[in-house]
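> This is the structure I have questions about; it appears just below.
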Amino acid sequence: MAADTTETASVGVVERLKSYVRTQKGTILAAEIVISFIILICYASSWYGGYTAVAICEMCFAIVFFCVFMMDLDKQFTAVSWVWSDFIRAFTGTLVYLITSLICVIRGAGDGALIAGGVFGLLAGLLFAYDTYTIYLQIQSARSQTGGSVCSTWKVSFNGQPTSCSCAARRSDGPTARAQFSLEV
């Protein structure tokens, strides 16, 4: 009986993995993991192995975000702003890969593995930059869909008279909605 539930749970995870990799975000994160692993192999086999930390960190961060988004943990743990965290991860990955890769390509005379890691790192920098751009678009679309409310008039009276508030909610794609409230104090 326990083997049946374990088998069913593993099939559910495999199906989630397959369906998430087919999405745009899943494909980008999977590509980031794979290219970081290739860069890790290149840096580890070079004479200067000090750049492996960059590939290890970026690969681990990509794996964590891949698992969080694949398992929909971002919807369960709302205390963390996952979109902004992912934006910061992708932006720093872009900067770190571009900087270290340029250093490796310039410095790597005679070390083919270091130069190969640098070239793959430049490609990874472009991939992370594309990921940063798609996350930025996601943030912008979320901001344009939510409207802000602005209370334009507050009238407060504590001498037994009603307290009133006049509010206007603005949306970028539609008309302004107005509401007026009266409260007895």
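Yeah, the Cβs are placed from backbone N, Cα and C, and that goes for glycine too.
Annotation comment: TrEMBL describes 20-140 as domain 'MARVEL'. The transmembrane segment annotation in TrEMBL covers 26-46, 52-71, 83-108, 114-133.
Map these features onto the structure and tell me what's around them.
Among residues of the same chain six or more beyond the transmembrane segment (26-46), those with a C-beta under 8 A of the stretch's C-beta atoms are 20, 52, 54-56, 58-59, 62-63, 65-66, 69-70, 93, 104, 108, 111, 113-114, 116-117, 120-121, 123-124, 127-128, 130-131, 134.
Long-range contacts of the transmembrane segment (52-71) within its own chain (CB-CB distance under 8 A, at least 6 residues past either end) are made by residues 16-17, 20, 25-26, 29-30, 32-33, 36-37, 39-40, 43-44, 82, 85-86, 89, 93, 96-97, 100, 117, 121, 124, 128.
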> Do you know the DSSP helix, strand and coil residue counts for the domain 'MARVEL' (20-140)?
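Residue counts for the domain 'MARVEL' (20-140) by secondary structure: 104 helix, 0 strand, 17 coil.
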